[in-house]
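Pulled from TrEMBL:
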- 97-154: domain 'Potassium channel' (DOMAIN)
- 210-287: domain 'Potassium channel' (DOMAIN)
- 22-46: transmembrane segment (TRANSMEM)
- 105-126: transmembrane segment (TRANSMEM)
- 132-161: transmembrane segment (TRANSMEM)
- 198-219: transmembrane segment (TRANSMEM)
- 231-248: transmembrane segment (TRANSMEM)
- 260-280: transmembrane segment (TRANSMEM)
């Protein structure tokens, strides 16, 4: 006779003030801090020796220059500081394209509203800095909305494509071959419980991002004379809107096929930013599900039997050994598919011919995916509670 399943509350084991959301938030904050510490240690080990060598080389070059040309070191430092100020407004030793003609200004506002912010062009006047504050406030908000709407349409398109592929697979497998009516009925029954996987969406977006980045890197390595690795590095920095500004495309005054290159550069950056933003949103949902699983294990930690965790709480698994073993990868994947939150819901609704109609009270907060959907759902819950 098997032992009964004992259900424990989501907050049990974490104390009264701590619920699952707070626990997940604290766990994520701790993991991000650990991630930052590890990243700092790795980058310091990789880059700090190079920085020290560069400092020694620069000091040696300054000493050699002042001794060879009998130049006062203080006067040379003053000249170099003046060059740094000129460099901030776009003056370079090598001739570059004008920063503030219309095409240069258009490139600048594109980096502002997309939050890339390369930093190679910045407003120098007080009026320009003040205008940038208000311009960026509206522009960045509108662009984030555009990225969210783009992600919705990508999800809709992928859901229909995956549904079509699933239907083709059912037909090839011979579902309902007796008659056309039975075939239609069999396909409807088989499709009723089918849900397109978010993991496939992540894979497709990942492949699309890699293809765009590799294609763009081929263009940049030939037009900018960068190495292919530098081009890939620039693509990730630009597409992810990190925007360091150490490498910036389309800055020389003249290029071969200049207009075509600048158009291609803008299109690659636009497509790359959209795909990477969508990929980040999908990955963040999977990370959230992973944190939910970890929190569920922590909630039931200290129990004599391991817990099988779900969205509604934790249940002690029937027939499990008392060794405290982790759940298998298959169980973890099944758990994710059952409770894959907002993106999975939208995928399912889209694949089954549009979102289901809500017959409850509408409060004006609906739609969206990723961060936008989370905010909308939270606003809707707050409005309903009132």
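Quick reminder: no glycine exception, Cβ is built from N, Cα and C everywhere.
From a predicted model like this one, the values you see are computed outputs, not experimental measurements.
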Contact between the transmembrane segment (260-280) and the transmembrane segment (22-46) (3 or more Cβ pairs under 8 Å, separation 6+): no
Helix, strand and coil residues within the domain 'Potassium channel' (97-154) as assigned by DSSP: 41 helix, 0 strand, 17 coil
Counts of helix, strand and coil residues, the domain 'Potassium channel' (210-287), according to DSSP: 56 helix, 1 strand, 21 coil
Same-chain residues at least 6 beyond the ends of the transmembrane segment (198-219) whose Cβ lies under 8 Å from its Cβ atoms: 154-155, 158, 162, 228, 231-232, 234-236, 239, 261, 264-265, 268-269, 271-272, 275-276, 278-279, 282-283, 285-286, 333, 336, 340, 343-344, 347
Per-residue pLDDT averaged over the domain 'Potassium channel' (97-154), given as an integer: 89
